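Asks: To start, I am sharing the structure in question, which I have written as structure tokens.
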Amino acid sequence: QSLTQPVTPDLLVSPSSQDGDLGSECPEDRGNWTGRLDFLLSCIGYCVGLGNVWRFPYRAYTNGGGAFLVPYFIMLAICGIPIFFMELSLGQFSSLGPLAVWKISPLFKGVGMGTILIVSLVAIYYNMIIAYVLFYLFASLTSDLPWQHCGNWWNTELCLDHHVIKAGNNSLPINISNTVSPSEEYWSRYVLHIQGSSGIGDPGRIRWNLCLCLLLSWTIVYLCILKGVKSSGKVVYFTATFPYLILVMLLIRGVTLEGAWKGIQFYLTPQFDHLLSSKVWIEAALQIFYSLGVGFGGLLTFASYNTFHQNIYRDTFIVTLGNAITSILAGFAIFSVLGYMSQELGVPVNQVAKAGPGLAFVVYPQAMTMLPLSPFWSFLFFFMLLTLGLDSQFAFMETIVTAVTDEFPYYLRPKKASFSAVICIALFLMGLILTTEGGMYWLVLLDDYSAGFGLMVVVITTCLVVTRVYGMKRFCRDIHMMLGFKPGPYFRACWMVLSPATMVALLVYNIVKYQPSEYGNYHFPTWAEVLGILMGVLSCLMIPIGMVVSVLQEEGTLWERVQQASRPAMDWGPSLEENRTGMYVASLAGSQSPKPLMVHMRKYGGITSYENTAIQVDREMEEEDEEESM
């Protein structure tokens, strides 16, 4: 109870604070998670998103089927788990957001600025995808799905209805290569109305039905993050668990369909020759990287609301392995339905399999029309996508709001709800271009470039700063102080060498194998490519800009300024005085206590296991200082 409700120890109460004068000068309390599972479910909801459903299954089947799981789990061990644990440790130790956490080394504060820029760009287009999901969700509330048949005003002569083929019972095979399914025309010609735009430079008119869906999705997000983690932490009890129920229902329905095994076979048949290709390993690392959401600041933000001794070591393994298992399960649910669909249409599975929005808004909705009670299954599928998308969006918004409010706690923390509203309105207005007839081109551009190489540079820099500038020994000691044990050789080896080396390989591969963006047969003009590249470069440029600013704030020669700016700030460390031991003692502004440990012993009677750890850490540091002086 003492950990969840911090008590201000007697020795820390200064005479002035008893008068109540100090209250006006202190920032409002940041707050914490209100329930034990809030943090864990928020992390699961954040990591398990749309990518698990529409990217992983397709990546697996194109990169060796079942054999893809070998590089996938190896990359999870090398890249995913260690960086995930590092982010959680930084957040929980400091109780600070992605900007203020760079008190660890103020020279690199630009990394935090780059993170916020990336997250803001992603939040703009991610909520547009949620708006598309809402559009389909409402369209499913009918007895006949609108994308079930041809013959609507948006259909063309190329439209071919599979129900007609089935009813015709043709013995001759029909050539469907030059035809378009009703679901594809519904998506492109009705939902997007893409025929009204000639390209990215000609957005056309705003689609008001999409605009209202986008407004609704931002309203839902705002209402859920209104009170910060206190409100979003409760919403995730539903949004993080309900998708699993629907996924299991879709999986059971899928595997009981005729021809389902054909699709599953296609998904899982191992082709081990693919493992000799570097592309497969890179694809596995990319899937891990984006699926776990490392580098976006969401994990760090969520961990910053934990109590100081929360067992994030255990949580790391629960979330990362749970995320991987969910991806594999989603593959079964998707490919069982695709197998049934390929049998119905009489075409190979690879002709119906797609990734990304093509799977969610064209292929799967078409498959739904072939099932009895199709509106019910369609509604379930899109409701699952909605809940999967929303909790990832909560994390993006919480990251932006927390980062800025931690920078200006005196002004913004009391007005957090109003500030959140301002951010949501600003991002909604920026996203309006995505609701136009050419909005899909802008969405593809944002998707391809906003979180590409910029995000990798951010993660590589974070890894190198923590291990090389701050120091591996010091970081491990901080974790020891927080969790009661030091990270083992596996984590240290990954942080020092394996994770940064893999990330650098990913970055080089992305640059060398760069391909211009395209959407269907449309190739983006050069100015759009340049704009996209600038999006990625801008987040990287934040790092040197931040360095220049922090060096200018110091005094002395250039080298002395750089050295001073790279050292941790005076108030770096645990946010509560009672958790500060060793080198962190009495480094908080207004600190009255020479030894918080004595306060603990007075308050709680005796020494707990965590105080024992604190004594041990202090002793280790004293021994190290003696060795250095000798």
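Any Cβ shown, glycine's included, is placed from N, Cα and C.
Nobody curates TrEMBL annotations by hand; they come from automatic prediction.
Per TrEMBL, the features are:
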type	residues	note
BINDING	Gly45, Val48, Asn52, Ser291, Asn323, Leu388, Asp391, Ser392	Na(+) binding site
DISULFID	Cys150-Cys159	disulfide bond
REGION	1-25	region 'Disordered'
TRANSMEM	69-90	transmembrane segment
TRANSMEM	111-138	transmembrane segment
TRANSMEM	235-252	transmembrane segment
TRANSMEM	284-305	transmembrane segment
TRANSMEM	317-341	transmembrane segment
TRANSMEM	376-396	transmembrane segment
TRANSMEM	417-443	transmembrane segment
TRANSMEM	449-470	transmembrane segment
TRANSMEM	490-512	transmembrane segment
TRANSMEM	532-552	transmembrane segment
Asks: So for Val48 (Na(+) binding site), how many other CB atoms are inside 10 Å of its CB?
Replies: 28
Asks: Please give the sequence-distant neighbours of the transmembrane segment (69-90): residues at least 6 beyond its ends with Cβ less than 8 Å from one of its Cβ atoms.
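Replies: Sequence-distant neighbours of the transmembrane segment (69-90): 60, 101, 104, 275, 280-281, 283-285, 287-289, 292, 294-295, 299-300, 302-303, 312-313, 315-317, 319-320, 324, 328, 459, 462-463, 466, 475, 478-479, 482, 487, 490-491, 494-495, 498-499, 502-503.
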Asks: Identify which of the recorded positions Cys150, Cys159, Leu388 has its Cβ surrounded by the largest number of other Cβ atoms within 10 Å, counting every protein chain shown.
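Replies: The largest 10 Å Cβ neighbour count belongs to Leu388.
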Asks: Beyond Gly45, Val48, Asn52, Ser291, Asn323, Leu388, Asp391, Ser392, what residues of that chain have CB atoms within 8 A of the centre of the Na(+) site's CB atoms?
Replies: Ile44, Tyr46, Cys47, Gly49, Leu50, Gly51, Ala240, Pro243, Thr326
Asks: Can we call the transmembrane segment (532-552) and the transmembrane segment (449-470) in contact, meaning three or more C-beta pairs below 8 angstroms at a sequence separation of 6+?
Replies: yes
Asks: Report, as numbers and ranges, every residue of the chain located at least six residues beyond the transmembrane segment (417-443) whose Cβ falls under 8 Å of a Cβ in that stretch; write 'none' if there are none.
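Replies: For the transmembrane segment (417-443), the sequence-distant neighbours (Cβ-Cβ under 8 Å, at least 6 residues beyond its ends) are 120, 123-125, 127-129, 131, 192-200, 202-207, 210-211, 214-215, 218, 221-222, 225-227, 397, 400-401, 404-405, 519, 522, 524, 528.
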Asks: Asn52 (Na(+) binding site) to Cys150 (disulfide bond): how many Å between their Cα atoms?
Replies: 31
Asks: Take the transmembrane segment (376-396) and find every residue of the same chain, 6 or more past its ends, with a Cβ under 8 Å from one of its Cβ atoms.
Replies: 42, 45-46, 48-50, 52-53, 119, 122-123, 126-127, 129-130, 133-134, 136-137, 140-141, 145, 217, 220-221, 224-225, 232, 235-236, 238-240, 242-243, 246-247, 249-250, 253, 293, 296, 298, 301-302, 360, 364-365, 368
Asks: Cα distance, Cys159 (disulfide bond) to Asn323 (Na(+) binding site), nearest Å?
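Replies: Cα to Cα, Asn323 (Na(+) binding site) and Cys159 (disulfide bond) are separated by 38 Å.
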Asks: Cβ under 8 Å to the transmembrane segment (111-138), counting only same-chain residues 6 or more beyond its ends: which ones?
Replies: 50, 98-102, 191, 209-210, 213-214, 216-218, 221, 295-298, 357, 360-361, 365, 378-379, 382-383, 385-386, 389-390, 392-393, 396-397, 399-400, 403-404, 427-428, 430-431, 434-435, 439, 442-443, 446-447, 450-451, 454-455, 457-458, 461-462, 465, 535, 538-540, 542-543, 545-546
